[in-house]
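S.K.: Quick one: the structure is below, questions incoming.
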């Protein structure tokens, strides 16, 4: 025996003993032994820490990293000796019956261990461990594969025809089913055909997953500051046994595996046999720019000024400062209310506009401030669809879509009036439940029964309706209530599904509008910085600010909670008709809380104050007025920004106005929801 191999075997035994791997191995053997059933293959998963092994023996560490299949054979021989010495599995006969899967905890953080599908060339021939990361864009259903099988020689006089485990086929990384089980194997002793002994076949779970480099998100934004070009290619992952169903479609993962090349007919497919899966959650910035800190200190004497200035100067690269302030504030609130939690506070926006081109540019620009801002292409599906797996298995594969790829971000679906009725009904269902169901007919995809797979949709939706073009497509309603807008082109329940309905206040058809001047100057010189604030508060600064603000954990104060509940109950009483009861949707309370929390985050506070609740109420009341007409609260058409913000005096006037709104809101609650206790400030 090679003395180097013998030394590595000794190191393996020492490592397993020190790491607790030996104890786990004995426990796994006990489960096999207790079953009293003979298997062709006994499979063991061994977790290894490359750093710890390299400290014990550098040669073994290098062997595991660069020759994992041969390293597994060393572990196999050690495990076989341990089983026989300790009599752990009575049924085991040969060393070949042991299948070892090495599961590294990590790889060295060096470029040579990273496999990128956007880089060329793709080294799939060296069967060693690589680390890769990406987003899951397709997932197949779980099917069976053969872990191992026993074969007997058909020649009766041959020693290999006896019932011992001499001819065993074991699955190897990247191998197809035909490499493990087929009918043309021959005996190595007498060259007679081999026949499988079916009662010893060992089956395992297999799932095929498609993953793609996270750079794909930049290509799906529709507009990007990054002008670099790159190659994007999806790659196939094989998840087996304990790793099946460990991934979720739309999530970002880091995986460790062995690349291989699988032949499917005349085509060769590069794939990765996965050994380890880890959910990837990038850390957000732990700071905001100095200019934002300075602005926060200047406006610290008011809870409303900081967010007002933020909205006023936001997106100055696309629209002039001071225009579309209500919409820009709503966009910022929606941006900071993005996360990947199951029960997140969502904030969807529906904009009624006569200026779709400018609104589209503004929304496109805002998308790019998040890592997952997706502009939905009209030619594809918004929600997941099912297709046949392209690897020849015939099973179903669930394909990701814009809404799933925008997980924890924004899905911008464009003009809502361009979608057909069935798409709008599906969108309404998703807005209500935040899930969508994919139906998989069993007969079509080789399954015994039909399946229904529920996919979580964790994203905010943005959309707009062009009021000028939509008014030509249908007959407008008559007898509008004061403040009400005609939204009859869109189903009522769908409009209610969006958190906020906003009507932009500056149509660019007025020749004196600053939007027209801005657009003309940008057309002449697209790279020009037209305003000083564009240099002081860059797009990158806003990206860092939003990523920092959205990660803040905020709590609702008792005062803010009482104000929100009081307004909600009062509104349910005043907004009702004799036929349908209250016109206020059940989701209105969630929207109010989401708006208040978002305003606190945008103010870089971790506690929701009454001032945040006032902004939330004014925004929602304005939205309800557009849908159902005015109420006794009677807010102004543009209640959050009633006039231009040009200097500190205008900010002071806005504070006074908002305090009056707060007092008016308290009177409204005491009049229509007397059971709610509100702390009023007599001053």
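From the backbone N, Cα and C atoms, a Cβ is placed for every residue, glycine too.
So TrEMBL says this about it:
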type	residues	note
DOMAIN	8-107	domain 'MCMDC2 N-terminal'
DOMAIN	543-624	domain 'MCM AAA-lid'
S.K.: Averaging the per-residue pLDDT over the domain 'MCMDC2 N-terminal' (8-107), what integer do you get?
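M.R.: Summarising the domain 'MCMDC2 N-terminal' (8-107) by its mean pLDDT gives 90.
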S.K.: For a three-state summary based on DSSP, what are the helix, strand and coil counts in the domain 'MCM AAA-lid' (543-624)?
M.R.: 55 helix, 8 strand, 19 coil
S.K.: What does the DSSP secondary structure composition of the domain 'MCMDC2 N-terminal' (8-107) look like, as residue counts for helix, strand and coil?
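M.R.: Split by secondary structure, the domain 'MCMDC2 N-terminal' (8-107) comes out as 65 helix, 14 strand, 21 coil.
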